[in-house]
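Visitor: Take a look at this one; I'll ask things after.
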Ligand SMILES: [Mg+2]
């Protein structure tokens, strides 16, 4: 729908003097003094079983009345079409409104469709200031949750301008276009509801920024992959329980990450470094990880990982997934065995945010156009530094602090937060990779 705030409200007569005035809009044989928002318009709504030719048929019928199309929306849900056309009324010698009504109804009857024609004036109401996209992910999406979210939007004076489905698999994702309320207010309000229901609600500001996001940086352990890599190493060293205890405490924010890293790595001292190959083969990608990375790459995004884990694993992931950036700690090896130390600059909570800045600079992408995804307390600085921080199946502390949270176990659900539909993902997958298929 096109809000009339985007239109010039000058009359058609102004078109001759104002080069920016719309030339055709509402101008057909109109008296010069009628402003666009007072021009009589007709809302023609068609509903019924969808089949080829309905849209062509309707407009063929209207063509005889020399009307202008002001707005046009169509949706097909389970084989039923809803077609709404906002048109100007017939002008001058082209025919009467009564004649148009009779013709449209007669056409609809012949097509076994329902038609409703509502008289009015002007275009759609302008959308209010404060525009957001509210993405709701349900697994399943219940009527109860949908009602609660819609009520919360209304409760803060938000207006739902439009709703459409982004995905039906592996989650049901719908997007509400909301206006009239500040994004931050809406985000805070809906976070309360999301916490109480089996749904994820992401609120992002509408506008060009969303389309411009061009760098995605992910945490690795329990985000890109299902495992905590140090625990995989620990299992081979026989100190799994001790390491798991320290990891859990660190991720809850109870321990300084750097201290806990050194403590856990020390437990690996003496382990044969050839175990790296085994650990690499044990790593399990999070469902949807490949789809997420592949789709983002196809869209021209740069994608990277920043991990408090180890380059021994992130380098392999970078290679396997075709990532643009990867940074992690490196387990020191001497005489074919781990020394129990890491080399180089430690990637900790502050380090992750620093690396996001560095990669954004290298990619030539402003921070506002970056997305960070992570689950742990050591991801918090990175999530808050990014233009959009996504807490992925995160600890409560992280979920509360991030811009938005995804709690379904599918990493590709992040695509829906960026407004990318499942249909687009599947269509892209069906196309041959660039450089092929053109022979
Ligand atoms: Mg993690």
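From the backbone N, Cα and C atoms, a Cβ is placed for every residue, glycine too.
These came from TrEMBL, pasted as-is:
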| type | residues | note |
| --- | --- | --- |
| REGION | 1-25 | region 'Disordered' |
| DOMAIN | 133-203 | domain 'Phosphoserine phosphatase ACT' |
| ACT_SITE | 219 | active site, nucleophile |
| ACT_SITE | 221 | active site, proton donor |
Visitor: Note down the number of other Cβ atoms within 10 Å of the Cβ of residue 221 (active site, proton donor), including every protein chain shown.
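Guide: Cβ-Cβ neighbours of residue 221 (active site, proton donor) within 10 Å number 26.
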Visitor: Long-range same-chain neighbours of the residue listed as 'active site, nucleophile', Cβ under 8 Å, sequence gap at least 6?
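Guide: When sequence neighbours closer than 6 are ignored, the residue listed as 'active site, nucleophile' has 305, 306, 307, 308, 352, 373, 374, 375, 376, 379, 382, 392 within Cβ distance under 8 Å.
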Visitor: Please give the average pLDDT for the domain 'Phosphoserine phosphatase ACT' (133-203) in this predicted model.
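Guide: Here the mean pLDDT over the domain 'Phosphoserine phosphatase ACT' (133-203) amounts to 91.
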Visitor: Counting by DSSP, what is the helix, strand and coil composition of the domain 'Phosphoserine phosphatase ACT' (133-203)?
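Guide: Secondary-structure breakdown of the domain 'Phosphoserine phosphatase ACT' (133-203): 27 helix, 28 strand, 16 coil.
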